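Undergrad: Would you mind keeping the following structure in view while I ask a few things?
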């Protein structure tokens, strides 16, 4: 998606440790018009008539997923993150490793809000190692729901998480895949 | 807001400890059409021409605030929550007490994304003790920005947080104020 790549080139900041900050329009300050344009781009990649539920994970995926779901006239569910093993019942859960927090995090979705027969599109702002998406895919499978696909705005291609999901058969569409990032030189996958 | 009160009466669950769960449409599963109707109701309470920035706190405020901001053509910023005292520079921060986590939490907003001269409307899904809103108001003041008002979907009136903010001069508009809640009997303030 050309508009998104241009925003990353113009406003993204490359920090030590392969961190790419896009917090001026995607995941701290949110450019809501850009989120709408991203929603419209996803709509060209997925057959939304098949989809009845949008799923994301807290926190930074929520803004994009909410605007997508609203634009498409669908409900949205966000998985909660628990940082303890003391989890109440009635929940689907998946343990993931958070590279942000450097520890195990449990993603949780109430069994009330995802059901067998749901057709789920996962939406997230960012994909690096792909742990959050893997956890969300686990939860969709645990619920006996169908995964239609996964839409990510920005993928760090060089960390391999996206390619592992594709190799596992997930219909993953990322709108900007970063192959390498150095200050002043961000290279996208064609 | 009659529609919101009816949803709370019909779908809200009252749990021990004065907990009112509205996670089927507001803060786990999100009814995005209802969020749009809430945005339109807020638009009748606030002069949005004055507002150039929507502010909320992660995680559950983000869905409503994103849909409001998108509907109004404004950018949105969400404060991040840090559960440590090890905070990097360049941030406005406010310490609040989280009754959910039973501990101190620090709300953080980058100084890049809220500026003197901004006219800020705070949007949140839920107000009980009002700690999150108080922290967001602190951050607006620290930035030298102007607070236009605070819009909350659901307020637990009996916990007093909303009335404390009103007494402090905040233009707080809550669309459903719960005065008392027992299973099968939720009473709203007129």
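Yeah, the Cβs are placed from backbone N, Cα and C, and that goes for glycine too.
Copying in the features that TrEMBL gives for the protein in this structure:
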BINDING   B:27, B:156  xanthine binding site
DOMAIN    B:34-157  domain 'Phosphoribosyltransferase'
BINDING   B:128, B:129, B:130, B:131, B:132  5-phospho-alpha-D-ribose 1-diphosphate binding site
Undergrad: I need the CA-to-CA distance for residue B:128 (5-phospho-alpha-D-ribose 1-diphosphate binding site) versus residue B:156 (xanthine binding site), whole Å please.
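TA: Their Cα atoms are separated by 5 Å.
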Undergrad: Tally every other Cβ atom lying within 10 Å of the Cβ atom of residue B:132 (5-phospho-alpha-D-ribose 1-diphosphate binding site).
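TA: A 10 Å sphere around the Cβ of residue B:132 (5-phospho-alpha-D-ribose 1-diphosphate binding site) contains 30 other Cβ atoms.
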Undergrad: Can you tell me the CA-to-CA distance separating residue B:132 (5-phospho-alpha-D-ribose 1-diphosphate binding site) and residue B:156 (xanthine binding site), as a whole number of Å?
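TA: That separation, Cα to Cα, works out to 14 Å.
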Undergrad: Of all the binding-site residues given, B:27, B:129, which residue's CB has the most CB neighbours within 10 A?
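TA: When each Cβ's neighbours within 10 Å are tallied, B:27 leads.
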Undergrad: Can you list the residues of the same chain, besides B:128, B:129, B:130, B:131, B:132, whose Cβ falls within 8 Å of the 5-phospho-alpha-D-ribose 1-diphosphate site's Cβ centroid?
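TA: Counting only non-site residues, the set is B:96, B:99, B:127, B:133, B:134, B:159, B:161.
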Undergrad: What are the non-local neighbours of residue B:130 (5-phospho-alpha-D-ribose 1-diphosphate binding site), defined as same-chain residues 6+ apart in sequence with CB under 8 A from its CB?
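TA: Expected: B:159, B:160, B:161, B:162, B:164, B:165.
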Undergrad: Using a Cβ-Cβ cut-off under 8 angstroms and a sequence gap of six or more, which residues of the chain neighbour residue B:156 (xanthine binding site)?
TA: B:18, B:20, B:126, B:127, B:128, B:178, B:181
Undergrad: Once the DSSP letters are reduced so that anything not helix or strand counts as coil, what is residue B:131 (5-phospho-alpha-D-ribose 1-diphosphate binding site)?
TA: helix
Undergrad: Restricting attention to the domain 'Phosphoribosyltransferase' (B:34-157), give the mean pLDDT.
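TA: PLDDT averaged over the stretch: 94.
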Undergrad: Expressed to the nearest Å, what is the distance separating residue B:131 (5-phospho-alpha-D-ribose 1-diphosphate binding site) and residue B:27 (xanthine binding site) at their Cα atoms?
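TA: So the Cα of residue B:27 (xanthine binding site) lies 18 Å away from that of residue B:131 (5-phospho-alpha-D-ribose 1-diphosphate binding site).
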Undergrad: So how many other Cβ atoms are close to residue B:131 (5-phospho-alpha-D-ribose 1-diphosphate binding site), meaning within 10 Å of its Cβ?
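TA: The answer is 21.
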Undergrad: Let me check the 10 A CB neighbour count of residue B:128 (5-phospho-alpha-D-ribose 1-diphosphate binding site). How many other CB atoms are there?
TA: 23
Undergrad: According to DSSP, which of helix, strand or coil covers residue B:156 (xanthine binding site)?
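TA: It is in a strand.
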